[in-house]
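Shown next, in structure tokens, is the structure this report addresses.
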Amino acid sequence: MKRVGLIGWRGMVGSVLMQRMLEERDFDLIEPVFFTTSSVGGQGAIGKETVPLKDAYSIEELKSLDAIITCQGGDYTSEVFPKLRDAGWQGYWIDAASSLRMADDAVIVLDPVNRRVIDQSLDAGVKNYIGGNCTVSLMLMALGRLRGRPGRLDERHDLSGRFRAGAQNMRELIRQMGTINAAVAAEPADPASAILEIDRKGPETQRSAEFPVDHFGVPLAGSLIPYIDKELPNGQSREEWKGQAETNKILGRIKNPIPVDGICVRVGAMRCHSQALTIKLNKDVPIADIEGLISQHNPWVKLVPNHREASMQELSPAAITGTLTVPVGRLRKLNMGSQYLGAFTVGDQLLWGAAEPVRRMLLILLER
């Protein structure tokens, strides 16, 4: 039975990972060892025997493990991973953070899409397996069946949910919502109140010096933020750059990349990403054939008919938050020509966007 270290299991991604491992009884298959960066010796977590928490910075403790799953973040990875490898550790490093994604000796894991790449890498002795960018993973879960077949992705318009920026940002969004509500709460309940007065108070509150923007820097509630991550010299944001870079690494196509680009915008959804996609097909393919390819790709993708009511009920963050379902809808040919396809997809960024791929990577290791 493999000794598996778990680090960062108290955070949001780590908590979802723990929940999924409990639901699927994964802990029955391993000897879990829980680590902490702040509470060494404290009460342990789940397992066959609860033991005190171990020091996540102790190279000697970490060296005793067959595999490590970390959701602790990029700073931890950057500090500990090279020291651990330099100390001669030959175990498997499974990481939800982005630090190692583009490393030559690492594989981005999304097994419903790139199981062949994962298996080939395991056979070749690769030991580093990294969860992908949440929007990229969710896009490929939705449309991965089209790769190498009739389509390529030319544009990706990402509406990014709030957890992507962190738990403190999620709390700030809720505070922003509450602040706006408090400023106008009396007026909506009064039928005699002037709607323009309500309309004036909302933006006035957003622009006030007291509006909580410590984490976002600008209002998000009742607004949007048209930029995510760092600014790059070519005009892209780093989040937009990841679309092509990580997609092609996941698919094993770095030398023959599929072009992927788009505009990434932050909106006030809590833990989901929504993506409007424009896909250029290699040839004119009937919509029915495309629907068949998408719906057969994996057990979690859900094809939503391109009708108003179905779209409103099934194709939104409110409908799928907390589920593994990845709905795809609004499929239709675009006015630019019969080789252009429009689509819209939504996914939970804490499940398929973060925790589930690393959980499933552990199971792949356990199969060997």
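Using N, Cα and C of the backbone, Cβ positions are placed for all residues, glycine too.
Feature annotation from Swiss-Prot assigns NADP(+) binding site to ARG10, GLY11, MET12, VAL13, THR37, SER38, GLN72, SER160, GLY161, PRO191, GLN349; the stated evidence is sequence analysis. Per Swiss-Prot, the feature phosphate binding site maps to ARG101, LYS242; the stated evidence is sequence analysis. Under the heading active site, acyl-thioester intermediate, Swiss-Prot lists CYS134, citing sequence analysis as support. The substrate binding site feature in Swiss-Prot is assigned to GLU239, ARG266; the stated evidence is sequence analysis. Under the heading active site, proton acceptor, Swiss-Prot lists HIS273, citing sequence analysis as support.
With all protein chains in the displayed structure included, the most crowded Cβ environment within 10 Å among the recorded positions GLN72, LYS242, HIS273 is that of HIS273. Of all the binding-site residues listed here (THR37, GLN349), the one with the fewest other CB atoms within 10 A of its own CB is THR37. If you count neighbouring Cβ atoms within 10 Å for each of the binding-site residues ARG10, ARG101, the highest count belongs to ARG101. GLN72 (NADP(+) binding site) has ARG101 as its nearest neighbour among the recorded positions ARG101, ARG266, HIS273, going by CA to CA distance. The Cβ of MET12 has fewer other Cβ atoms within 10 Å than any other of the recorded positions MET12, CYS134.
DSSP classifies MET12 (NADP(+) binding site) as helix under the three-state reduction. ARG266 (substrate binding site) has MET12 as its nearest neighbour among the binding-site residues ARG10, MET12, THR37, going by CA to CA distance.
The CA atom of CYS134 (active site, acyl-thioester intermediate) is located 19 Å away from the CA atom of ARG10 (NADP(+) binding site).
In three-state terms derived from DSSP, ARG266 (substrate binding site) belongs to an extended strand segment. A distance of 6 Å separates the Cα atom of GLN349 (NADP(+) binding site) from that of HIS273 (active site, proton acceptor).
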